[in-house]
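Undergrad: Take this structure first; my questions come after.
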Amino acid sequence: MSDLSHIRNFSIIAHIDHGKSTLADRFIQMCGGLAEREMEAQVLDSMDLERERGITIKAHSVTLYYKAKDGVTYQLNFIDTPGHVDFTYEVSRSLAACEGALLVVDAGQGVEAQSVANCYTAIEQGLEVMPVLNKIDLPQAEPDRVKDEIEKIIGIDATDAVTCSAKTGLGVDEVLERLVATIPAPIGNIEDPLQALIIDSWFDNYLGVVSLVRVRHGRVKKGDKILVKSTGKVHLVDSVGVFNPKHTATADLKAGEVGFIIASIKDIHGAPVGDTLTLSSTPDVPVLPGFKRIQPQVYAGLFPVSSDDFEDFREALQKLTLNDSSLQYTPESSDALGFGFRCGFLGMLHMEIIQERLEREYDLDLITTAPTVIFELVLKTGETIYVDNPSKLPDVSSIEDMREPIVRANILVPQEHLGNVITLCIEKRGVQVDMLFLGNQVQVTYDLPMNEVVLDFFDRLKSTSRGYASLDYHFDRYQSANLVKLDVLINGDKVDALALIVHRDNSHFKGRQLTEKMKELIPRQMFDVAIQAAIGGQIVARTTVKALRKNVLAKCYGGDVSRKKKLLEKQKAGKKRMKQVGNVEIPQEAFLAVLRLE
């Protein structure tokens, strides 16, 4: 389709479970993208993991042809985006390739914090945002209240927002008509030299790197020589095409279109996301503005259970980083766990997903250590360093000041659950910044230590508000705090993988909890196992896993007390000897115990 005015590029913004993948299914069905027998729920969520958890993790793209009521056939390039707070990076990438976005809001639930955050990202990038109310068939749907909320909270006019039900298909054609009318056509020139933005790329064992691109100017076809701007390497194009939703090869990709390019790039860093592609004959085409690199918020050590898997693990991480560029990793070694990698994630869900993808897609067995955030330390020498691993913390005597990262959290919550949410924030050492009453909802803004947020704040928030509160947060600053390193000693030996950095006020409590938890998880040995929590040289908590022992007095019956004493002393000496040479195996659950501290 050569006419730019007949192309519409858009993505869907919505909170988790507001029905964007279902709406995508309806679009595909109405535009005849798949035969009836191939239709299945959530066609675009291709990863098994996405289907099981019912969430979208990766952004997916589809090209559909829609014949509008005015008789014109439009090409719709549609990019499905994730809704979870950990995957905002995927969303900002998808938005960079579009001219417009559909803001899908559940007509029963109303506006949630995550859609607000993504909507602002879209408006900042200059996109046309079109509100759509979904799930209008539900008995609890209140379209008027929700339209009012969209105007109050986000500030876009929603008086004549389209209403539909993606599940039943009601009003979906109306959404498509409105979309074609409101979302602007792309601007670009087919005659100009090629300029294309890489939105996403992944590694295929047969084809090499497959890149999803948005062509801004010019055209690209099979047999062209393309130049990757950041690496300066030239590759020959094997094929170009679009997803509708299957791989479909086309003659070429032109300005304004979204599609894939395969150029048998074998190096996994050969086509980085956010990079610009052009033809090798026009190397001086300006670079397109990419997306801002996102800094990981949470760090954890990942170690293969068997050290023979280390090389496979490294390769798996490299392939995964291509597909998920927000993942960062550096090699690390631990006395307790051997060789592995210190990985940076965007949040806890992201960490779980990555671990599951590594275990499933690459068949690895992994152990994860407790996640931590980055701390800023000012040393007595005046030097500032950043520490993402408690076991790498320098000696306390050399530290002038320890600072922890603070996040600015926006929480949207119905008024009846406000009290519980405030109690939770205070318990997590939060400081209230602002509170706004918007209709039935309240928007509270808190400054919270990131250390408290990353572990279980999201789950606790959902449970105290019966699932109604929603959260969006971003890093704000570093702030001085009274922090200490809590070490765990097992039989007097420090286990580096179990160390934590905690606030001094909580340290005794955390130490007690941790030792109690470890006592349940470490199996009983033939000798007593002492589990201690220490801050520096001071032991703050201790529990003992009692030894298994044989009853050596069973054969004595009424015998003499000195005989009994002799047998008991002999047993004691044996246990003492065992303790000196014995090693304690720590099970994987024990490393994760740190996560489950309330």
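Cβ from N, Cα, C; glycine included.
According to Swiss-Prot, the domain 'tr-type G' annotation covers 5-187. What Swiss-Prot lists as GTP binding site is ASP17, HIS18, GLY19, LYS20, SER21, THR22, ASN134, LYS135, ILE136, ASP137, and the listing cites sequence analysis.
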Undergrad: Compile a sequence-ordered list of residues in the same chain as GLY19 (GTP binding site), six or more apart from it, whose Cβ lies below 8 A from its Cβ; state 'none' when nothing qualifies.
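TA: When sequence neighbours closer than 6 are ignored, GLY19 (GTP binding site) has VAL104, ASP106, ASN134, LYS135, ALA166, LYS167 within Cβ distance under 8 Å.
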Undergrad: Just checking, which of SER21, ASN134 (binding-site residues) has the fewest C-beta atoms within 10 Å of its C-beta?
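TA: Output over binding-site residues SER21, ASN134: least Cβ neighbours within 10 Å is SER21.
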Undergrad: Tally every other Cβ atom lying within 10 Å of the Cβ atom of ILE136 (GTP binding site).
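TA: Looking across every protein chain shown, the total is 21.
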Undergrad: For ASN134 (GTP binding site), name the DSSP secondary structure in the helix/strand/coil scheme.
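TA: DSSP assigns ASN134 (GTP binding site) to strand.
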Undergrad: What is the pLDDT of the domain 'tr-type G' (5-187) when averaged and given as a whole number?
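TA: Average per-residue pLDDT within the domain 'tr-type G' (5-187): 73.
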